[in-house]
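Per TrEMBL, transmembrane segment is recorded for 65-85, 97-117, 123-143, 155-176, 196-216, 243-270, 282-300, 312-330.
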Amino acid sequence: MRWWLFGFLSVIGLLILGLCVGSREIPLSEVFPRIIPALFYAFGREPNSLEGVDEFTAIIANLRIPRTLLALLAGAALGTAGALIQGHTRNALADPGLLGINAGATLAVVSGVYFGFSGARDAAVLPALLGAGAATLVVFALSSSGATAASPLTLVLAGTAVTALLMAFVNALVITDSAALDTLRTWATGSVSGRSLAVAAAVTPSFILGTALALTQGQALNLLSMGESSARALGLNVVLRRVFGFAAIALLGGAAVSAAGPVAFIGLAAPHAARALWGPDYRVILPASLLIGALLALGADIFGRVAAPGELPMGIVLGLVGAPVFIFLVKRGKVLTP
């Protein structure tokens, strides 16, 4: 219970800190009286309009609230999706990118720029969602053919092959188009900086639906952890549960990639941290991974804002800081298998 309380309080603390910290620091005493006005302003006025509000309220409404909310959504989605993919594949090294979600979203965004369908980052949300969903569908279809229908091994093999193919197409596009290359450079760093509330509004339905599906998977994943044969013997419809599971992964992974780009590490590390703190029960691991993923993303975004000499994207911070910590835990034997 104390870890749940600590996690919730930490998320609230980071949400408040996210409104204070940035290139223009705002004292906490100035933030609290402006939170409610900034929320009304952010959701009720034209974006980036400064009419009728003071500077601090405008900064909180136009800059801090969107990126803090997007970091929260992206981290929570990646943590939950990571727990799902590790449970369904019984692979401790799996993350949402294993299903080609990142590669599919990246190809869709780069293709949009290359063919002139989209240019601004905010306009790339729908292509990213569609690309992530299409890639997941292809991987699941390929792994479900033949006698080994949607087994953990065929899922991993199909995901690896599809990811390699999609990234080959991405590279083919960017070497012939400088605008596509610039978009890829920005996209691939994994950042929520400069995003608007329109992005949060676009990805929230996918996040809510994906989370709702994910949280119904706990008991099924507990049975699958004993092996597919045992799960079937206990009455579990493995194929149906896997369909729902990968639909949730596609929705959550697509929402996260649309919000922040292909952010690594969270989907891998959050489920391991949840197992270390709460044990192997997936009914607990799934919501715990959501909480830990949100903490990791919020913390990385805030750290990146104050990094000298300039701001670092969230994805780079997670790679530089999070990966060595995770490696240390692996060496100490603190990471548990699904």
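Every residue gets a Cβ built from N, Cα and C, even glycine.
Note: TrEMBL annotation is automatic and uncurated.
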When only pairs 6 or more apart in sequence are counted, do the transmembrane segment (65-85) and the transmembrane segment (196-216) reach 3 or more Cβ pairs under 8 Å?
-> yes
Stretch-level contact, the transmembrane segment (155-176) and the transmembrane segment (123-143), CB cutoff 8 A, at least 3 pairs = yes
For the transmembrane segment (312-330), what are the same-chain contacts with Cβ under 8 Å, counting residues 6+ beyond its ends?
-> 71, 188-193, 260-266, 268-269, 272, 296-297, 300-301, 303-304
The transmembrane segment (196-216): which same-chain residues, six or more beyond its ends, come within Cβ distance under 8 Å?
-> 42-43, 47, 65-66, 69-70, 73, 76-77, 80-81, 83-84, 121-122, 125-126, 129, 244-245, 247-252, 254-256, 258-259, 286-287, 290
